[in-house]
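Annotated in Swiss-Prot:
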BINDING   Asp457, Asp463, Glu466, Glu467  Mg(2+) binding site
DOMAIN    39-150  domain 'tRNA-binding'
DOMAIN    404-479  domain 'B5'
DOMAIN    699-792  domain 'FDX-ACB'
Amino acid sequence: MKVPVKWLKDYVDFDINAKELGDRLTLSGSKVEEIITSGDEITNVVTGKILKIDPHPDAEKLVICSVDVGKNEPIQIVTGAQNMKENDIVPVALHGSTLPGGVKIKKGKLRGVVSNGMMCAKEELGIADEEHVHGLMILDENTPIGKDIKEVLGLDNPVIDFEITSNRPDCLSVIGIARETAATINTKYRNVKIDFSETKGRNIKEELEVEVKDKLCRRYMARVIKNVKIEDSPAWMQERLMLAGVRPINNIVDITNFVMLEVGQPMHAFDKKMITSNKIVIERAKDGEKFTTLDSEERSLDSNVLMIKDGDKNCAIAGIMGGLDSEVAENTHEIIFESANFDGTNIRVSSQKLALRTEASGRYEKDLDPNLAEIALNRACTLIQELNAGEIVEGVIDIYPVKSEPNIVEVDYNWINNFLGIKISKEEMKEYLDRLELTTEIKGDKLEVFSPTFRCDINIKEDVAEEVARIYGYNKVPSTTVKSQSIRTGKSKIQQIKDVVTDILISSGLNESINYSFVSPKIFDKILVPEDSELRNVVKIRNPLGEDFSVMRTTTLHSMMESLARNYSHNNELAKLFEIGKVYIPSENEGEIPKERNVITIGMYGNVDYFDLKGVVENLVEILGVNKISYARESENPTFHPGKTAVIKIKNTVLGTLGEVHPDVCENYEVEERCYVAEIDLDLLLENVSLSRKYKALPKFPTVTRDISVLVDEDILVQEIENVIKRQGGTILESLNLFDVYKGKQVPQGKKSVSYALTYRDENKTLTDKDVEKIQNKVIKTLEHVLGAELR
């Protein structure tokens with residue numbers, strides 16, 4: 001909420017500067033975001049009147065202007081602007097002046113003709129030109145000559161930008177901030193000026209009817225203004241609107257915006273001749289209805305959206321935006337001023353559904369005080385007469401079925417002292433509360449606090465205590481040590497394992513990825529999950545952020561593919577990622593919370609293959625002390641490439657899956673690289689982890705290494721080959737490493753060549769070649785016999 005200090009001073013007197021005021025208001029609970037003084041960089045720029053315009057003798061696009069700047073003689077300025085004429089009043093930067101951005105203006109020559117300054121456009125003064133008018137800034141014809149431009153345009157008027165919390169809609173107004181200012185610095189607050197008279201002869205109740213058909217409209221007020229003159233607002237009003245961040249349009253629209261900023265109550269003006277039925281109806285829209293708003297956008301409505309209607313015809317979305325057909329135009333002669341109060345929750349939901357958030361909806365959704373409607377309407381009528389913009393027809397329509405009444409909170413003043421840790425008298429508390437217009441009566445040790453209707457946030461005794469603390473001063477509340485019992489705790493086993501897993505995977509060259517646990521139900525189609533798969537049985541979120549976040553994930557494969565796809569779209573040639581997250585499995589018993597499983601997901605693409613992924617997994621389980629894992633063919637997982645996927649097992653229990661992602665899945669994520677992914681059940685892994693380490697003496701005897709390369713049928717798993725080698729190698733086979741799998745021209749069709757490096761060591765003696773050859777031959781013969789292998 002931007003509040004010009006000059007506007008604030010209409011309602012409260014103070015002689016401190018904007019910085020000090022901002023600091024004091026922040027300490028009392030009205031947080032100041034920033035203080036803006038737009039004219040700080042502007043010096044020696046004044047208003048000037050163009051007396052004469054002559055052509056430049058040597059340049060067709062330049063003209064020579066004689067400009068009166070309030071001195072003894074006019075000055076000569078050469079310009080290329082085309083939008084001015086004689087007698088126009090413009091900003092003039094004199095010799096030696098400075099402009100925003102550090103621009104300095106000096107005397108000079110343009111094509112041989114002396115120019116003693118520069119006439120300025122809006123942009124050159126640092127003013128946003130929302131109408132995109134090319135050329136000089138033309139000022140009001142009544143602007144005095146030779147005046148400092150900062151004073152004329154209000155650029156020397158500081159603006160304080162407040163961060164208003166949702167529980168204080170009363171502070172979304174100048175008078176709300178004025179109340180806070182008066183209470184904070186302990187001075188008087190002046191109410192907004194209400195002073196107008198009605199014109200006799202016609203009565204609104206004889207020519208306009210209002211029917212409220214829905215409780216979502218809590219109050220509806222209307223007045224008719226006749227003999228309306230549509231013109232520009234006076235400079236003082238335009239200045240205040242612009243400083244508050246609102247673009248001036250015309251006097252009628254500006255009055256509604258001015259009142260909204262000043263009082264905090266949104267208003268709307270209808271062109272009366274467009275309300276052809278002479279009856280305004282407030283009711284909900286019908287599903288599927290179309291309506292074109294003031295911004296020329298056609299919007300689709302539903303039965304939750306509250307509408308303002310001209311009989312049966314829609315003319316405004318209640319509390320959000322008016323319609324294009326009933327807006328005030330240059331030929332408008334009579335208007336209907338609307339000042340109403342609508343249900344805040346409904347306005348917020350409708351605004352979100354329509355993707356249409358306005359200054360009005362932003363206020364209504366915070367539940368405004370219905371009594372503001374009358375103040376705003378009367379203030380608008382006062383401004384109509386002040387600006388001589390029309391005449392107020394006699395009578396007012398006011399439908400207010402359930403009146404809002406002040407709330408009463410009773411609290412013991414001793415409780416407030418104990419709650420805040422201070423010690424002040426009940427009389428002092430009463431003074432603070434009265435300054436905030438929270439009328440207070442002392443009854444013994446009790447304070448009876450009457451909360452006005454504009455303070456909807458005062459409901460319980462803690463609210464009253466907060467108000468006392470704000471004005472007393474948070475900085476005066478003595479600091480105390482919080483009494484607590486220190487409890488020594490450590491990380492749980494799962495937390496410890498997660499930390500270890502993270503360290504292992506990072507040391508393996510992977511980067512951690514973090515993803516949402518809520519996803520779209522459409523992800524199962526992207527990863528080719530069958531319709532009857534248990535993975536599609538998901539936990540649904542009751543109040544989701546949107547369809548893309550409406551269910552809890554049962555697999556992390558989509559999340560990893562999303563992360564890989566994001567890296568690929570940013571032209572990363574190589575990505576190696578991991579995530580430690582959860583999946584959520586619905587309970588079989590209705591009403592029970594879902595089962596959560598911890599999952600490790602590893603994904604990579606680029607200059608990598610299946611064996612890189614497998615190596616990361618094997619390194620992980622080896623460091624975690626998980627023994628005897630095995631691999632088996634996975635033929636029923638459509639997310640993965642058939643024939644290039646395996647399940648990881650501990651004994652006979654499936655620990656996870658790893659393999660190459662199916663090309664169709666990669667295509668669904670627009671990744672034109674082969675992707676490799678592993679999904680491992682961390683909870684099951686945890687049951688088999690052994691982080692304890694035993695000392696083992698360094699070996700005394702050397703190793704002997706032999707390579708072996710065999711041809712086997714294509715469908716034989718590498719795991720089967722390794723199982724045979726390990727059994728026959730016995731205790732002296734220290735390790736075996738797969739270093740090649742080949743299918744090609746030199747290998748018969750239907751076969752593959754598999755090559756291993758076998759490392760032997762005997763802990764009790766040095767192995768001879770004869771010892772090794774004996775075991776090596778035993779391995780080869782068993783491979784030939786069991787798997788039909790051929791030695792290459």
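For all residues, glycine too, the Cβ spot is worked out from N, Cα and C.
Sequence features annotated in Swiss-Prot and their locations in the structure.
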| residue | record | contacts (Cβ under 8 Å, 6+ apart) |
| --- | --- | --- |
| Asp457 | Mg(2+) binding site | Asn167, Arg168, Asp463 |
| Glu466 | Mg(2+) binding site | Gly29 |
| Glu467 | Mg(2+) binding site | Tyr432, Leu433, Leu436, Leu438, Ile458 |
Counts by DSSP class (helix H/G/I, strand E/B, coil) across the domain 'tRNA-binding' (39-150): 5 helix, 48 strand, 59 coil
Neighbour count (Cβ, 10 Å) for Asp463 (Mg(2+) binding site): 18
Remaining residues near the recorded Mg(2+) site, that is with C-beta within 8 Å of the centroid of the site residues Asp457, Asp463, Glu466, Glu467: Arg455, Ile458, Glu462, Val464, Ala465, Arg470
Helix, strand and coil totals (DSSP H, G, I; E, B; other) for the domain 'B5' (404-479): 33 helix, 17 strand, 26 coil
